[in-house]
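Engineer: First the structure, then my questions, so here it is.
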Amino acid sequence: MDIGIGLFGLGTVGRGVVKILQENAEQITKRTGSRLIVKHAVIHNLTKERTGFVKNFPITNQATDILDNPDIQIVVEVMGTLDQAYDIIKRSLNAKKHVVTANKDLIASRGQELVAIAEINGVDLFFEAAVAGGVPILRTLSTSFTADEISRVAGIINGTSNFILTQMASNNLSYADALKLAQNKGFAESDPTNDVEGFDAAYKLIILSNFAFGVQPVLGDLSITGIANVTDADIADANAFGYVIKLLGVAQVVGSAKEAISIEVSPQLVPFTHPLATVHNENNAVLVNGESVGEVMLYGPGAGEMPTANSVLSDLTNVATDLALNTPGHPFNSFNQDLDLAKPSQRIARRFIVVEVDDTPGAMYSVTGMFAAAKMSFTDLKQTPAANGTARLVALTHPASDAQLNVIRTTLRNADGINLAAEYKIFS
Ligand SMILES: NC(=O)C1=CN([C@@H]2O[C@H](COP(=O)(O)OP(=O)(O)OC[C@H]3O[C@@H](n4cnc5c(N)ncnc54)[C@H](OP(=O)(O)O)[C@@H]3O)[C@@H](O)[C@H]2O)C=CC1
Ligand SMILES: N[C@@H](CC=O)C(=O)O
């Protein structure tokens, strides 16, 4: 069977998709029984030069060239954007075309609507590439954890941030230079703000939470902190205590009856000995904790042309199989349940806190007194002289809740000569 494909976008991911479809055509046909053929591509800028393999099909800037083409059964949306992509995907589904997309921003914010439209029309809507690039985490969650009770999904799910943190820690690159390099390598979003401020990871964590816990959180339900304020001094202090700083997305059930879910993106300290500490550059890793299985970690490239395109291809071949078996129209994930959002008192972790104080007699004593008043105690404490007569106090605490931390934040903010310079959770 020949299956026609219409591509929206011929950028980093789109080019990779064309490359795999052309270079691995024989193998794809052998394994699916179908020939997947790009019939048309729609892009934004017609004057941009396109070379080599991407010239083997018509390229225009009119969406209807794909949407109205009866020879196209599958639409691949790898152009990004929110409203335009929503419109194109909705029209494709209503035209009874199957859709494969890598657009996490869209799936995280309007995915449920689109899933419903796909179901009504009896077509597939797959988006493996939307989370962790080349790591096949969504299909694994939807097929291999169906009988297990997942308690946590956690991991490194933004390649750009991980690349920047790795380059800052290992190659002494500045934050700005590392970001530029990530952009040149095609890892960053067209606007990298989403990468470094944690939103890209937040979108992916929303989708992961949907697959792992059946919940449908919105962005406002998440606590989100990016890497823009991570300093060289924080990295060095974390290293001195045996930790590396990583931007993590963590969704976990909490509460005595496991009735609530905490969903958070933030830079955290990971012990050198933990597998996540060994995930460098644009690589991603997702840890899944299940009651039966224990802990599983999926690791691999989280961004970039070919790895991401491979995930798109995995979706395409799944659609091809559905077409061959006449079984399309089943949702990618059908797990649904309600969980409360965790309260600050339920979000508990060890903390790494940096306080700058005027280096005067008794200053350290008054800071430790403030922590004691918030019922927080230390496992380690280090004071080093800093610039302009100040001292840098690094404290590692026993487990404490976000509610306790809020008390400390307020107390320190109101104190003279004391500044809360940084605070991180310690991952375990
Ligand atoms: N890069 C990566 O590593 C990963 C990306 N993704 C996601 O994949 C998607 C694509 O990313 P990427 O390939 O990096 O993006 P690029 O910016 O490299 O490419 C975007 C492509 O879409 C085209 N395009 C943009 N706007 C429109 C529009 N309104 N109509 C038609 N075509 C349009 C562009 O056209 P033109 O060529 O004319 O400019 C370009 O070909 C995004 O949703 C991204 O979040 C997901 C995982 C990893
Ligand atoms: N910008 C994203 C690309 C993949 O989703 C990232 O850096 O992870």
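Glycine residues also receive a Cβ, built from the backbone N, Cα and C atoms like all the rest.
Where the annotation comes from TrEMBL, it is an automatic prediction and has not been curated.
Features from TrEMBL:
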type	residues	note
DOMAIN	9-128	domain 'Aspartate/homoserine dehydrogenase NAD-binding'
BINDING	K104	NADPH binding site
DOMAIN	136-316	domain 'Homoserine dehydrogenase catalytic'
BINDING	E189	L-homoserine binding site
ACT_SITE	K204	active site, proton donor
Engineer: Within 10 Å of the Cβ of E189 (L-homoserine binding site), how many other Cβ atoms can be counted across all chains shown?
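Structural biologist: There are 18 such Cβ atoms around E189 (L-homoserine binding site).
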Engineer: Rounded to the nearest angstrom, how far is the Cα of the residue listed as 'NADPH binding site' from the Cα of E189 (L-homoserine binding site)?
Structural biologist: 11
Engineer: If you skip the near sequence neighbours and keep only those at least six away, which residues in the chain come within under 8 angstroms of K104 (NADPH binding site), Cβ to Cβ?
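Structural biologist: Spatial neighbours, sequence-distant, of K104 (NADPH binding site): F127, A130, V131, D200, Y203, K204, I207.
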Engineer: Using DSSP, tally how many residues of the domain 'Aspartate/homoserine dehydrogenase NAD-binding' (9-128) sit in helix, strand and coil.
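Structural biologist: Computed counts for the domain 'Aspartate/homoserine dehydrogenase NAD-binding' (9-128) are 59 helix, 20 strand, 41 coil.
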Engineer: What number of additional C-beta atoms lies within 10 angstroms of the C-beta atom of K204 (active site, proton donor)?
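Structural biologist: Here the count is 28.
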Engineer: According to DSSP, collapsed to three classes, what secondary structure does K204 (active site, proton donor) have?
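Structural biologist: Going by the DSSP assignment, K204 (active site, proton donor) falls within a helical segment, counted as helix.
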